[in-house]
């Protein structure tokens, strides 16, 4: 069937910012789809609000709009561009919901835009719980006993019929937003209220819990001629009841009999045929472990997180082929790009095992609610490939970067068995490691199965891993046992611990006895057809399939799983670095382990090694490939942390030298440099004991910022105002010691400024300077950044330019450098220098059209910036105003305080651009999910130190027509300043403010921290109530000021004559 010739221009909707439940997998899918449509000769227009993606690069689509993903903005683009068609199934839930809104409002019809891919009626049939259930009944496919509710009362009526436990699933949401498992009336009321709030259709499905069934997924493709195939099937190790995005997953499934596999395969294909899916689709099923009974849980009629995993697990490019199916091509006429010889209608076959483990943000949010359920909490994931289940699991564990290298916890032996069992029953993010610990203590597999319902197949594999540990201990230094442990994925580090040797000794022993990994190709067909994909995984077997060429090579280390503080921005830089290496005539090799990203698409680099980012795994690749060198500055802290160990082993670190990377991090050396080049920094000291920290703080004068050295994303960083708070910090957050010094700095209040620069050793170019809206003290990743600066004087800009140039040259930077400054009342101070790519690189690259990561890579390979046509210093400004606004995922993380501070909390970002600051901010705030209204009610409750400043904001909000509610102290202050205000009761009193928030009477909350960070504090409850009821809550008066500017610019002031 030839492609659709009636259309020329296609609008693609992206998925917007990275949030929990919708991460980098959509950048990967969108990039693939846009390129596939261009390959077929269509003109592609892309709209997405996320500047950190490869997808929003000008090369990917013919026209790129970085605008808010709201009905109004997309409708404007449709009216302006007049596309022939819209492809909505590649932008996650956001893209789907937008398509439905644009259709319902008549925008598509009135502009003659047709929807490509799966028809809207099919999308609604899959997403609307009522329609889906009735279709399943017609097909005679069992669904769990359930009811559709639009009110809490209806939910209680259903509970009377079936009893607890119940699962609540809101319609048209993703990542299980607003859903959950309920065991009692209190939970049912809370979850249903939440779920109805988050569902665009105010509709929830309530079903009898089938927790404990096996959860199986099929990733399927269908075209318009009804050809349908299964690309990959996957099994969740955790039974039904934990969101698949939070489950440990294995592919292909390991515990199904052939009869069960075929039965569920047939059901999956029957369902997508009945729905009329055209493209990729994910089907989730529950199978009773004790019979052939099964239920269908849900169908995602779009490309999803699971399809990114299936693509990387098989090499079969689902999003690319889904885009081509959408324009009318069929599976039997498209070649599989991996083999180049077989057609896309052949189902992939795997001769290896894939393990996926989610990456959770609880290293950042220690007080967060860790228990897992149907609402997703992971920010990212890792994948590993092995020849046995044990090998792939252990490789995935050491890819997580939790400081865990094996099936157990770092200080596992210190826990007593009762505590371990309690944690296993709790089913949280560390359960897997506690299971390992329990087996180590001799707990029977029967007892663990009883507690977890995890299949014996997997429990036996865990037991096998523990058995190998015992064998190693009993046969220290034995080569046969060493080889056996390597076959099952043990790292040298773990073997060393059992052998009572150092890691280097085990490494040496291995090499002397020629025990080293070979690299196998991922070819989609288990070697049934000829294939030549440059996509490899390491394993301890015989034949090496990775042919080493005689071209000069450069290895780029990726940034691993998406987490808070290290997002898709680093993947963006990695991909650009690879393109620059290829353009310079070298062979570019990527090592990474994140299945969601563009960098792990095998068509990007000359070779892709899907391996853990550890010294051992990376060294094995270096030993084989013998590269010119390794690039670490694009992979975030993950790659930087490997630099020292690699250099010790004689590896050439390309770009800024290891010595200079360390100079930027080492307190004393950095201070010496600043004195030499005459750049001021806030007074600070290093403490190696709690006593010394107190002494330092008193000498410098409070408030001080305290933090451990060598961290990314401001982990464990705090501003403290007195001895008691400092003592508390040192006891709870960081044990200060000679190995782990704590930095104590004077906290300067002032405007924070961020600068990115590129240096080739001689010339320093500064693509742009960004000014933060929130004053210093809020982490740069959580601040709203503005380009070009709006309030800096010419003199300030000259100083920033001069300091940046001095720092880049003083540190002998080759490549990128990111610097944060504070402009205090008495001048500019340097706060922090990062000698690597930063999270603002994609944002600045897009604004200025300076391909920063590529230029940095060219400088690293020895080219001169002056030869490339760049003048030194600050580059000319781009016209317009651009803001980068943070996006948070607090609605998915219970018990997490949303107050902004030095520790980063946002999961993603959006960009707003326009001709004035107010318009750009309006777009940035809108894109980040803050609905800016020109009237409404604002609730203000601030700490004493903020009251004077708050009066000014309240006065302006009142003048544009906002009604003001405030708690007693704040209300008194406002009344004293003649501002109309209504006093609301404190929490727990009559007419309390939480009730006002829950009843939807409040549109904005302004709440600043009162010291004494106990969770019970009222402020915490106010902030959480805001998040859980979808009300924007501003915890910084700077943000409140900016929002007030925007509201003023939208409305007219009303003043009497």
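Quick reminder: no glycine exception, Cβ is built from N, Cα and C everywhere.
From the candidate list 820, 854, the residue Swiss-Prot records in the ATP 2 site shared with 707, 746, 748, 752, 777, 778, 779, 780, 832 is 820. With 129, 169, 175, 176, 208, 210, 215, 241, 242, 243, 298 listed by Swiss-Prot as binding ATP 1, the candidate from 114, 254, 284 annotated for that site turns out to be 284.
For the region 'Oligomerization domain' (402-546), the DSSP-based tally of helix, strand and coil residues reads 76 helix, 11 strand, 58 coil. Take the binding-site residues 208, 707, 779: by the count of other Cβ atoms within 10 Å of each Cβ, the lowest one is 208. Here ATP 2 is bound by 707, 746, 748, 752, 777, 778, 779, 780, 820, 832 per the record. The longest Cα to Cα distance in that group is 18 Å. According to DSSP, residue 777 (ATP 2 binding site) is assigned to coil rather than to any helix or strand. For the recorded site, residue 175 (ATP 1 binding site), the DSSP three-state label reads coil. Remark: secondary structure over the domain 'MGS-like' (930-1057) totals 56 helix, 21 strand, 51 coil, with classes taken from DSSP. Considering only the binding-site residues 175, 208, 300, 834, the residue whose Cα is spatially closest to the Cα of residue 779 (ATP 2 binding site) is 834. Under DSSP, residue 129 (ATP 1 binding site) is assigned to a helix (H, G or I) in the three-state scheme. For residue 300 (Mg(2+) 2 binding site), the nearest of the binding-site residues by C-alpha distance turns out to be 129; the candidates were 129, 707, 748, 777, 820. Closest to residue 208 (ATP 1 binding site) in space, going by CA atoms and restricting to the binding-site residues 298, 707, 777, 820, is 298. In this structure the alpha carbons, written CA, of residue 242 (ATP 1 binding site) and residue 298 (Mg(2+) 1 binding site) are 14 Å apart.
Confidence in the region 'Oligomerization domain' (402-546), given as mean pLDDT, stands at 93.
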